[in-house]
Every structure is written in structure tokens, then in C-alpha cells.
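The coiled coil annotation in TrEMBL covers 123-188, 263-297. The compositional bias 'Polar residues' annotation in TrEMBL covers 34-51. TrEMBL lists 364-384 with the feature compositional bias 'Basic and acidic residues'. According to TrEMBL, the feature region 'Disordered' maps to 25-62, 196-218, 364-391.
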Amino acid sequence: MKPWYLYTLEEDQHLYDQEFDLEALLNPTPSRPGVQTHSTPPSEPGVQTHSTPDEGPLVLTPPEEAAPVTQLRQQLQRARTQLRDQKRVIREKDSAQLKQELTNTKRVLRETPQKEQDTADTRVTLQKKDKQLEEHIKALKETRLLYNTAVTDKVTLKQELINTKRVLRETQEKVREQDIMIAEMREVSVPVSYSKSRGSTLDKETSWTSAQKRTTERPCAETAPGETMKLNQGLSRKDQELEYQAQVTQSLESKLKIQEGLIDEKDSELKTVKVTLQKKEKELEEHIKALKEIRLLYNTAVMDKVTLKQELSNSKRLSRTTALDVPKQNQLSQTEKQLYSELQSIQREVNCLNSKNKDLEFSVKQHEDQRSQQKRLSITDKNKWASRRHY
């Protein structure tokens, strides 16, 4: 019988094709081929058989392949251990990486709400600043519009004043011409009795002599009583027209006076507003200049402080490293004290400058608030003036 390692699959193909029969394998017969067992298998040289577990597993190794098989098994065992170690290392690396990623994600998740809150706060502050800037621009535009409307109103009022003056001159000329015409008509046609009843200023002699002169010069000027009545009616109508024109001229003069007063008021208001704006601009420029000077002084004080600290540290280092004489040490201590006193004085100056800077910033803010309040008041006054002018 061949040993187990010499069997091939082709010889045992019938075992794989047929169903598994334990009796046929244990008790083979000629009709049922199976595994042939021997009571005492022949002992071949180089073939080791172990039946007890203490002696080792039941492994049959051929003599010619024992050393390569053991080497291969050792290599396989080493490869398995290496693979196991590599798997363990990879697993540890993956677990460490996953832990790091988990901690990073947790940290990001913890920081995300704070960042979102910060971004939201910054967004809100930016929106507030944008709104304030838009309101400031809107107020400036409104003031500019009101200023332009005031200037146009002033120009229109001046033009109306010129027109009314021209109309007044024309009406006065017309009235003068009509007065001359009426005087001439009265001199021609009105007798002494009529002139008395009309309350004219002509005397009897002058009116009679003028009438005689007119009659002598124009003998055909004597008219009938009907024509005299017509002339009287025409004169009364002319008087009424003159009275109406006088009333119109008086109303125009009153309107002109009112318009001149309004124009003067607007001019004075514009002048005062311009002067106040110029003053405020000058004050702001002075404040800005003072702030720049304070900032420059602050920077110089900080630089002096740094240099004095450096000198003090250098002097201390020199005093520690070098063994100086007693007078030199006293001189060095005096210089250190002087430097320290100068440093304290500079610190006091810096604090004073900081307080002045805060006061100036507060005054600038207060000044800007007053300016915005004055602008609002001027806008309301101009709106009131526009509404009053409209009515």
C-alpha cells in the first residue's frame, strides 16, 4: 500500500463522486472498495509514527522532504506572526487615527457654536454700523435737499419781488397818467358848483378862469346837461378804478414787505447755519489734530519706556556680571534709580495722555451728537417753514 502523500486526486475520485459510507471505509470488501487497514503497518525507515499526544501529533513526514517542509512551516509561521503583528499595528494606528479624528470632530463641534455666535455678533454689529451709516447719509442728503430748496425759494422770492416791484411801478405810472387825464377833464368840463360838490381843491376863480379859457379857446366845448352827467359818471368810475388800484398797490406793497422780511430771515438763518457748520468743522479738525498729537506722544512714551527698560536690564546685568568698585556701584545704583524714576514719570505721562485721549474722544462724540441734533432741529424748522409757506 502506498503512503498517504503519494495518493493523488485521480485515484480517490470515486470517494468524492460517491456518497460517504463509513462502513465501506472501515470494512472494505471486494465489492465495496475503501480504506485498507493493516494491523501492523510496515515500518519504513524515515517514517515517524506517533500515537500518543505526549510524543507529538501523528504526522508522517517523508525523509527526503522533512527539512524543506520544516523550513516552509517555519517561514509560514513567521509570515503569520508578521501578518498578525502588522494587523495589530494597523489596527492600533487606525484606532489612534480614529480617536484623533473623533477628538478633533468633538473639538470642532464644541467650537462651532462659539464661532457661529461670534460670526452672528460680528454680523449684527456690522449691520448696525451699516444702518447708522445709511441714516447718516440719509440725514446729510435731507439737509442738502433742504438747503437746495431754501436756495431755490430764495431765488423765487427775489424774482417775485422784482416782478411785484415792476408791476407796482407800472400801476403807479398808470395811476399818474389817469390822474393827469382826470385833472385835464375836470379843467375842461366841470363848473365851479360841481367842483365844490366833488370836494376838489380848485378855487372858484381858477376853475372859472380855466373854464373861460377853455371856452374861449374852444367855443364848441360847451356841452349839454346830459353830456355833463355822462362826464360825471365817467369821472366817478375813474375814481372807483383809482381807489381799487390804490388798494391793489397797498396789498402788493404789504406782500412785498412780507416777502422781503422772509428773505431776510432765510438769509440770516442760512448765514448762521453756515457759520455754525464752519465752527463745528474747525473744532473737529482741532480735535483730530489733538488726537493725532496724543497718539504720537503715546507712541514716543512707549518707545522711551521700552528703551529705559532695556537700559535698566543692561545696567543690572552689568552690575551682576562685573565686580565694580564701591563708588562705581553707587553711581550705577543712582543711574538705576534715575532711570526708574524717569520710567515712572513716563508711565504717569502715558496714563495722563490716555485719560486725555478718552476725554477728547468723549468730547468728539458729544460734539457729533450735538451736531446731529442741530441738523435734526434745522430739518424740522425747515419742514415747518415749508409747510407754513405752503399754507
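A Cβ is built for glycine as well, from the same backbone N, Cα and C atoms used for every other residue.
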Sequence-remote partners of the compositional bias 'Basic and acidic residues' (364-384) [C-beta within less than 8 Å, at least six residues beyond its ends]: 136, 139, 142-143, 146, 149-150, 269, 273, 276, 280, 283-284, 287, 291
Mean of the pLDDT scores, which run from 0 to 100, over the coiled coil (123-188): 78
Long-range environment of the coiled coil (263-297) - Cβ separation under 8 angstroms, sequence gap at least 6: 147, 150-151, 153-154, 157-158, 161, 349, 353, 356-357, 360-361, 363-364, 367, 371, 374, 378, 381
Within the compositional bias 'Basic and acidic residues' (364-384), residues counted as helix, strand or coil by DSSP: 21 helix, 0 strand, 0 coil
